[in-house]
Amino acid sequence: RMPSGPGHYGASAETPGPRPPLCPASSCCLPTEAMGPRALLVLLMATAWHAQGVPVIQPSGPELVVEPGTTVTLRCVGNGSVEWDGPISPHWNLDLDPPSSILTTNNATFQNTGTYHCTEPGNPRGGNATIHLYVKDPARPWKVLAQEVTVLEGQDALLPCLLTDPALEAGVSLVRVRGRPVLRQTNYSFSPWHGFTIHKAKFIENHVYQCSARVDGRTVTSMGIWLKVQKDISGPATLTLEPAELVRIQGEAAQIVCSASNIDVNFDVSLRHGDTKLTISQQSDFHDNRYQKVLTLNLDHVSFQDAGNYSCTATNAWGNHSASMVFRVVESAYSNLTSEQSLLQEVTVGEKVDLQVKVEAYPGLESFNWTYLGPFSDYQDKLDFVTIKDTYRYTSTLSLPRLKRSESGRYSFLARNAGGQNALTFELTLRYPPEVRVTMTLINGSDTLLCEASGYPQPSVTWVQCRSHTDRCDESAGLVLEDSHSEVLSQVPFYEVIVHSLLAIGTLEHNRTYECRAFNSVGNSSQTFWPISIGAHTPLPDELLFTPVLLTCMSIMALLLLLLLLLLYKYKQKPKYQVRWKIIESYEGNSYTFIDPTQLPYNEKWEFPRNNLQFGKTLGTGAFGKVVEATAFGLGKEDAVLKVAVKMLKSTAHADEKEALMSELKIMSHLGQHENIVNLLGACTHGGPVLVITEYCCYGDLLNFLRRQAEAMLGPSLSVGQDPEAGAGYKNIHLEKKYVRRDSGFSSQGVDTYVEMRPVSTSSSNDSFSEEDLGKEDGRPLELRDLLHFSSQVAQGMAFLASKNCIHRDVAARNVLLTSGRVAKIGDFGLARDIMNDSNYIVKGNARLPVKWMAPESIFDCVYTVQSDVWSYGILLWEIFSLGLNPYPGILVNSKFYKLVKDGYQMAQPAFAPKNIYSIMQACWALEPTRRPTFQQICSLLQKQAQEDRRVPNYTNLPSSSSSRLLRPWQRTPPVAR
């Protein structure tokens, strides 16, 4: 039966389904003395239903809602006696009138809220009737049935807070005490009849919870309900015995600790020495919701009687859990060195061997090392070994990879502790195939061939004679000579065994070849000897006599070789397509280790069918490939039609250039998406050339966009010279056009008047543009806020790259694209750039580099870091606020330029740059990389400048006359070289 007040509560019940419409209190809660014809009709209907054998509750309906203070009567009618179950006492009066039972309360309160069941115990058919009563009290929206709930971990936990008003259900929530939210992983549901159910409660969800509801715009919480989630006690107590092994010298102190813990306090723990149970005082504690019992044996002066087996046992209702250890008592310190390998090792040259020593010592080793003892004094390499310690045992392994002859010899492991020093020595002998050398000598006036064979193991020697001069005697045609004499000349440990074999042949005959063959278990070798004339006692000639034909052939071959080397040099000098972006793997100071992009994974989710691409015009072309506008059908969504840009290589691309494009694809997929990066949309890597599908940027690159705007605002005579073909495409080529300029940016015919700037209205701009809006947006005059937005967006994109440990290495306006809404996106468009004819890329060594955008450490030391990208970003800022001028105007890239950069020269403030923006440029150009700001700091500075810009009128530059000059809304300062 349901309790009538706070108390202990158990696990949850099933929550009911959707409730039917509520029974109005006015029609169901009439006092018994006021029953009229309508009430009698209800009784007749109940009697008809009662005839079917199921108890009936009046009023009918699953729920009843009443106001506080109302008189409520609940009648249950059955075939025989019936019983009520629910929160009855002491809030109800019970009136038994078989076959019915009546519950009445004359002053309903929120305590009457609950579910009432009526059953008929004597009815064999069983059955019951249920009604849920709400007494809606705005001051008490919750009725808590229990203030403590205990469940086992993994069970559902019901927190029994009943809602007194069903109209409040939409605004209920579960919180922890003092309004703290529940844990993110807590999974719970709510039933107004039963309360909140936490599903599969976890041990970490032990908390005091409150039920919360919104009542008249304020939050009202219930009293706290303490949820206790207990670990399931499914076995014996956990047990530890420390140490697992113990060694002591006689007279030293020792300690053995036996510890057991469990959720339930009802368990025992004991410690035994052999069969003897030790009497030790027990320490108890409660930690991390577990009871812990500890037995500690302290021995101040150990003796041999204390040695032996110790066992710790924990016992509870689930059984026993035991652990044991061995305690050894020794007379003095010791160290024992052993090896499971033979101390005499033979290994073939070029192979690897591991020498391993096992040490058991007490006290622990003070020092240990491997030493090479010779005999080859020239072998002084540092030995590479690993030593693993386990209590009183050590395992030391010496690794010798790719053995050379000079590495044979004695290797000794030396270990020292308080007991003294011990050593274990291996003798390593290397096997290698024989080497043969044949010479001619005279012995007792007779021609004799001497064959010297050296190797290990000892080589065997045989002689073979064959007709004619040949490099090797055929086995079938040769004659094996048996009349040879062999003897061991030298046999020293760790050195080769040298064998001499003499072949007495009398007088040498012309047109004969003699071959000495030597072999052992590792391999074989041979050398031939033939005379060039009768009686000539010379060894085999090194080469044949030169002839004019041979000299001619060798001259031609040498000439061809030189030509081949020249072509190879020219090929190496030719620039190749490379990915400028680098991803840092690790760094130490200015020493960076970069990830090999070829080793990055490629996710097949980026794969896109190539027949779903419809190509359009070429956006940009270069020495290595091109970027083409295309329409992608089904990219992202099945029915989507999207304009994209597709990168591809030329058909003549080399394998390394194809690999570079694939690396670029992998880097883009590795970096992920960002609003200010030209994002990867897909790729085609199968069934044809590699295609990289990226976002299409309708305004092309930022450099040409700025130059178009400058010409529109200032006129051709005042603006930057520009490629006449430059439109809204990816025009990253032919940027070497000459244009009239000064240090400040733009030059006219020497007139000193300025173009007046006037405020323009500010209106909200839509971020999405249709095709017909692009021309109108492109024609909108530039404002200061546009330049600030470009700067901020590029900085945000670079901050994103820096957060991904990515270095761009070519930050410039030509590598920034503009899309709808004038959003700037960073990319790398070296594929579609002819760097051979691009004056921005200067030959330095065997590479072409954008030196005017490069930091000093990149120019002089080839060091590329995030800080060097910050320097390049400062140059890009100068490009933006000069409306597309080339950096360092009027300065050629030569030794003078390099000296200026090294000495800290800084360009003057560009014409359209506020003082704060120029200060950012100067900070980016600090000679010391660590003094340059980070991209996050640059973003903050630009946002602050943008906020200041919103507080002053915006200006647009307008040409007033052909004799006008530029005017800015901030103070003009003369160029300063720093």
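Each residue, glycine too, has its Cβ placed from N, Cα and C.
These figures come from a predicted structure and were not determined experimentally.
These features come from Swiss-Prot:
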- Asn79: N-linked glycosylation site (CARBOHYD)
- Asn107: N-linked glycosylation site (CARBOHYD)
- Asn128: N-linked glycosylation site (CARBOHYD)
- 141-231: domain 'Ig-like C2-type 2' (DOMAIN)
- Asn187: N-linked glycosylation site (CARBOHYD)
- Asn309: N-linked glycosylation site (CARBOHYD)
- Asn320: N-linked glycosylation site (CARBOHYD)
- 333-431: domain 'Ig-like C2-type 4' (DOMAIN)
- Asn336: N-linked glycosylation site (CARBOHYD)
- Asn369: N-linked glycosylation site (CARBOHYD)
- Asn444: N-linked glycosylation site (CARBOHYD)
- Asn511: N-linked glycosylation site (CARBOHYD)
- Asn524: N-linked glycosylation site (CARBOHYD)
- 613-942: domain 'Protein kinase' (DOMAIN)
- Leu619, Gly620, Thr621, Gly622, Ala623, Phe624, Gly625, Lys626, Val627, Lys647: ATP binding site (BINDING)
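Every protein chain shown contributes to the tally, and the Cβ of Asn336 (N-linked glycosylation site) ends up with 13 other Cβ atoms within 10 Å. Restricting the average to the domain 'Protein kinase' (613-942) gives a pLDDT of 78. In this structure, the C-alpha atom of Asn107 (N-linked glycosylation site) lies 143 angstrom from that of Asn444 (N-linked glycosylation site).
On the backbone, the CA of Leu619 (ATP binding site) and the CA of Asn320 (N-linked glycosylation site) stand 79 Å apart.
Cα of Asn336 (N-linked glycosylation site) to Cα of Thr621 (ATP binding site): a distance of 75 Å. Nearest in space to Asn128 (N-linked glycosylation site), taking C-alpha to C-alpha distance over the binding-site residues Thr621, Gly625, Val627, is Val627. Asn320 (N-linked glycosylation site) sits 76 Å from Gly625 (ATP binding site), counting Cα to Cα. Helix first, then strand, then coil: DSSP counts for the domain 'Ig-like C2-type 2' (141-231) stand at 12 helix, 46 strand, 33 coil.
Break the domain 'Ig-like C2-type 4' (333-431) down by DSSP state and the numbers are 3 helix, 62 strand, 34 coil. When Cα-Cα distances from Thr621 (ATP binding site) are compared across the glycosylation sites Asn187, Asn369, Asn444, the shortest belongs to Asn187. Taking Cβ-Cβ distances under 8 Å and a sequence separation of 6 or more, the neighbours of Asn369 (N-linked glycosylation site) in its chain are Phe413, Leu414. Put simply, Asn187 is the one of the glycosylation sites Asn79, Asn187, Asn309, Asn444 whose Cα lies nearest to the Cα of Gly625 (ATP binding site). All protein chains included, Asn524 (N-linked glycosylation site) registers 15 other Cβ atoms within 10 Å of its own Cβ. The Cβ of Asn444 has fewer other Cβ atoms within 10 Å than any other of the recorded positions Asn320, Asn444, Asn511, Thr621. The number of other CB atoms found within 10 A of the CB of Asn128 (N-linked glycosylation site), across every protein chain shown, is 17.
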